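TrEMBL has this to say about the protein:
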- 262-273: compositional bias 'Basic and acidic residues' (COMPBIAS)
- 42-75: domain 'Connexin N-terminal' (DOMAIN)
- 141-209: domain 'Connexin cysteine-rich' (DOMAIN)
- 226-281: region 'Disordered' (REGION)
- 21-40: transmembrane segment (TRANSMEM)
- 77-97: transmembrane segment (TRANSMEM)
- 128-149: transmembrane segment (TRANSMEM)
- 187-211: transmembrane segment (TRANSMEM)
């Protein structure tokens, strides 16, 4: 399998990921993909060939191997890594769709036409949901594979050196020997631990995105309500329009200045009327 091509496809995901997403990618490629390609495949390369049983009965070693290893560790991990990294490609494809739509919009309406998106790669609208669902899917895939691994190999995490098998066509209970059991046990625990770390990173990123989105929605509302209450307390009645909705600062100052000018004009008119009445008398 050419894992370099998969790494090349996912290298662009860093541009659209948060800090936790970049850590997740680093863990996947350094501690899962590279370890799988460089070491794990070689460790399990001779798993069936060196699975030896103390009997000459034809077919007995094959049946016993299938009993204790129904699915190869290497193939199970390969399928897990493919499925867990594919959702990240959905984010790249969504951004590419946005950029292509923006390009067609400018070709149709001219280069000076208003943009459809302020930033096509910014996680807003549908792209935010795509990114969030990809995180949930990745966590679900890793959790599902861990559960499957536990059900298939329950009690075999320690990789015993000798296993007893009595499956037909074995003539009696025979002992079978696993090659390099300690080395396989170390890699098994390592791959399980890195999968758990990736699940925690995905769930942490989901909590971060949801929390940040809630603050962006609730924060401006609180700011507007506080500003409205301050204007109600500090502004005179004429500074409020009908319906008691506060206006901006410029309109309040203009109305206040106009009220002062009206008061001065009325005062001047009253003084002139008083003086004219005195002269008549």
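If you go along the chain as it appears here, the first residue is 1 and each next one adds 1.
Using N, Cα and C of the backbone, Cβ positions are placed for all residues, glycine too.
Annotations in TrEMBL come from automatic prediction, not curation.
Given the structure is predicted, the values throughout are model-derived calculations rather than measurements.
Remote same-chain partners of the transmembrane segment (128-149), defined as residues 6 or more beyond its termini with a Cβ less than 8 Å from a stretch Cβ, comprise 16, 21, 76, 79-80, 83-84, 87-88, 90-91, 94, 192, 195-196, 198-199, 202-203, 205-206, 209-210, 213. For the domain 'Connexin cysteine-rich' (141-209), the DSSP counts in helix, strand and coil order read 41 helix, 8 strand, 20 coil.
Taking DSSP states H, G and I as helix and E and B as strand, the domain 'Connexin N-terminal' (42-75) has 14 helix, 2 strand, 18 coil.
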